[in-house]
Amino acid sequence: MSNSSPPVYRNSLAEHSNGRPLAKFASNAFAVACATCTIVCMATLVVLLWKIFQFGWGRVNLDFITSFPSSTAENAGIKSSLVGSLYLIGLTALFSVPLGVGTAIYLEEYCKPSRWRTFAQTNIANLAGVPSIVYGILGLGLFVRAMSLNRSLLAGALTLTLVILPIVILASQEALRAVPKTIRQASYALGATRWQTVWGQLLPASLPGILTGVILALSRALGEAAPLLAIGAATYTAFLPQDIVHDDFSVLPLQIYNWTDQPQEAFHQAAAAAIVVLLTVLICMNALAVFLRYRFSKRIQW
Amino acid sequence: MVKLKKLSEPTPETLGPLVMSEMTSERPTTSLAAPVVGTDRSSLSADEMRNLRQKVSAQGVDFFYGSNQALHNVSLDMPENLVTALIGPSGCGKSTFLRCLNRMNDMIDDTIVRGDILLDGVDIYKSRTDVVELRKRVGMVFQKSNPFPKSIYDNIAYGPRVAGVKQRGVLDEIVEKCLEQAALWDEVKDRLNDSALQLSGGQQQRLCIARALATFPDVLLMDEPASALDPKSTARIEDLIFELKNSYTIVIVTHNMQQAARVSDQTAFFYEGSLIEVGATTELFTRPTQQQTEEYITGRFG
Ligand SMILES: Nc1ncnc2c1ncn2[C@@H]1O[C@H](COP(=O)(O)OP(=O)(O)O)[C@@H](O)[C@H]1O
Ligand SMILES: [Mg+2]
């Protein structure tokens, strides 16, 4: 606005910005740039999915899901790796949820601000960024060799627990922090102990956030191949694991890796089909996360 | 050391009188005129109050947030079954003093309390005081109503539950009595299982009062309980304070001098962390002895 002439009041905001054409152009250009980024990402994803579905869809059927892998591509199925994946995720959840949520509660509700807490917090944040293959090597040394768990489901689940534990902790901390301070005050003022406040107020209130974080972390674990390769998990097995500490196991990502490594085109098609199944499981888990978030946050509105 | 009294089983006596108060508010509640001291109560003189049983007694209390001293040598007696109002410009330490009385300041890191605060003659800052037990006996209502994101029933039942009451029958009885005492029963009796967050602001605050009553406290601390409410809801809260004072010792912070004049028997004026003057409400508002008090109540500052 100029200050020499008397102010001229315009009656439309659009006219107002005409005074600064460059700013308006920059603003629009930025919006276009952002939109382009989004479109590039979406397009890549859509093309990728399209190609995989086109290639693999014909191969997805009940037989495919209920047959063991085979040396003939036409008979090969994913029974053992799908079951292996589900077992592995179940076990990983069993270990990572109590450990992760417990750590988050300790750091948020019990630990006073101190050097120790800053140290722990910084480490957890850094650990979340460590490539998963590194955890695989740690798992190989610690679980497979030192604890003699071999290439079992237990060793795999413990390794994946290491991979996702930082994510579970950070998500749970975030969810706990989102509970208003006034709720804690109200609870303590009624004579509740710390434990009663955590169990009776904070956990129920932060459950949607914690669950969402846990499910997203588990989705990541479901897609991991590198750390499992590092601990030497089988790329295919022709049996279902009967025992979590002795039997070999395989998982979908490793089965897919195995198939894409074969020269025959038919195996590649089986790999595409397995990817479709893996994606379906992932989408189901994410849908569950969204559903839970919706269900619980409808009940809890600050 | 003296252990604080255990929570007694709810009996008709401990539950206090039932208050089936329909609104009796012909009193002007929003008048901007000089504070009108309520006449529908016994007005005791300062001397008479001194001879009453002192429920809570602060003696030479200093309080520090880190290196910042928020209270300077505050000594104040709060007689049993009377209402003590704390007034003063914002930032003068009213809330800080109130939080000393149920040790809610313990929750804030890096704070120091010096001096003695006696509840029924027992120093609540002695190291063996059970803070949880203390907070059951000294209930608190906050400035912003803070119901738990749970049902109305569960909000009230939370205090008794954390104190170990499990029988549904006893809880039902407590919920009904406390809601009646808080003059909320008639409005919510048909929807006890609805979320407390669906109530209006005024109802939420009365719910918070009912919730504080459910641990059978002797003392009720209220930090500007009506400051976020409309005049009608404010009048209801004031009516409620009137009813409650027969069975509880009430300490209320308010920045509204009309309110202090209407509801309290004793008024304490704080300024910059010091207690400037305390006296019977009638006397303090009509014949203040300190110049700062006079300036404050006549609206010349603060
Ligand atoms: N949690 C806190 N941490 C540090 N300083 C605080 C805290 N709460 C209050 N204070 C300080 O203590 C003084 C008194 O505050 P408060 O008791 O809230 O006053 P009032 O309730 O009378 O408005 C103020 O100077 C305020 O800045
Ligand atoms: Mg205050």
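Numbering starts at 1 and runs along the chain as displayed.
Including glycine, each Cβ sits where the backbone N, Cα and C put it.
Among the features that TrEMBL reports, domain 'ABC transmembrane type-1' is placed at A:82-288. Feature annotation from TrEMBL assigns transmembrane segment to A:29-50, A:86-107, A:127-146, A:153-172, A:198-218, A:225-246, A:266-292.
Contact between the transmembrane segment (A:198-218) and the transmembrane segment (A:86-107) is present: at least three CB pairs lie under 8 Å, with pairs separated by 6 or more positions in sequence. Same-chain residues lying 6 or more positions outside the transmembrane segment (A:266-292) and placing a CB less than 8 Å from one of its CB atoms are 49, 52-53, 55-60, 64-65, 73-74, 76, 78, 81-82, 85, 208, 211-212, 215-216, 218-219, 222-223, 252-253, 255-256, 259-260.
At the 8 Å Cβ cutoff, the transmembrane segment (A:153-172) and the transmembrane segment (A:86-107) share at least 3 close pairs (sequence separation 6 or more) and count as touching. Most Cβ pairs under 8 Å to the transmembrane segment (A:127-146), among the stretches A:29-50, A:86-107, A:225-246, belong to A:225-246. The list of residues near the transmembrane segment (A:29-50) in space but at least 6 beyond its ends in sequence, with Cβ under 8 angstroms from a Cβ of it, reads 279.
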